[in-house]
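As structure tokens, the structure follows; a few thoughts come after it.
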Amino acid sequence: MVTPQAMRAIRCYSAGPSGKPGDKERNLVGPFSPLAAGVFLATGVSLYAYLRYEKARIEEEKANAREDQTVGKPRIGGPFELIDHNGKTVSNRDFLGKFMLIYFGFTHCPDICPEELDKMTEALEALEKDPQVRGDIVPIFITCDPQRDGVEQVREYIQEFHPRLIGLTGSFESISKVAKAYRVYFSKPPTAKPDEDYLVDHSIFFYMMDPRGEFLDAFGRETSAEEVYHRIKEHMRAEAGTHPVSKAAE
């Protein structure tokens, strides 16, 4: 038999210490205090800002990827107008539709320039013997010493290398302009005179340009002729016939 005292004890336990039903449940959950509201709001704002930042970052990466796919290569090269080894004025437009190998050097160079042009010649000869290679490729030598390298000097110099090698010269201003476009550094002693024996400090590599005059590859001094051959071959196989040559490249 349940006594009246026991019944009162049961009612008090069910109602909680205060005697009000539901107080125990509210105490377990805890009140939604202003501090908790502030923390919740701050967290929400931070999360929103982070999501906006991530979205902007992802969009920027996508835009950069699209730009890389469109351009895909460093901005090397550009319009030029120089004089070839026969005294004829030529420009970049004359080479549209053909691959180009371009080397900057000078005819009085004692060793490095001849070595690099020999390497270019060896790679070209290997390409000419390869039946899998399709497309025209033009080797070009551009002097970075126009003070001494006139038409006659350039013509005589290039005869030592590939028979299709084209030599280009011009005024100091025009050579400087094309060198800047191709990111080529060169420097000679400031007081040097044409009849003096001096060396020209310059970048040591040659470029491969595609049929639209756009940069494809660069070959440094450490690159062997065999590697040059294989890389040129792969570029020609990938590029030849894949894009129409546009006069807009002028």
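Using N, Cα and C of the backbone, Cβ positions are placed for all residues, glycine too.
Taken from TrEMBL as is:
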- 32-51: transmembrane segment (TRANSMEM)
- Cys109-Cys113: disulfide bond (DISULFID)
- Cys109, Cys113, His202: Cu cation binding site (BINDING)
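Feature map: annotations from TrEMBL on the structure.
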{"residue": "Cys109", "record": "disulfide bond", "CB count, 10 Å": "20"}
{"residue": "Cys113", "record": "disulfide bond", "CB count, 10 Å": "23"}
{"residue": "His202", "record": "Cu cation binding site", "CB count, 10 Å": "21"}
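Excluding Cys109, Cys113, His202, which define the Cu cation site, the same chain contributes Phe104, Gly105, Phe106, Ile112, Glu116, Cys144, Val200, Ile204 within 8 Å (Cβ to the Cβ centroid), listed in sequence order. Note: the CA-CA distance between Cys109 (disulfide bond) and His202 (Cu cation binding site) rounds to 10 Å. Cys113 (disulfide bond) sits 10 Å from His202 (Cu cation binding site), taking the CA atoms of both as reference points.
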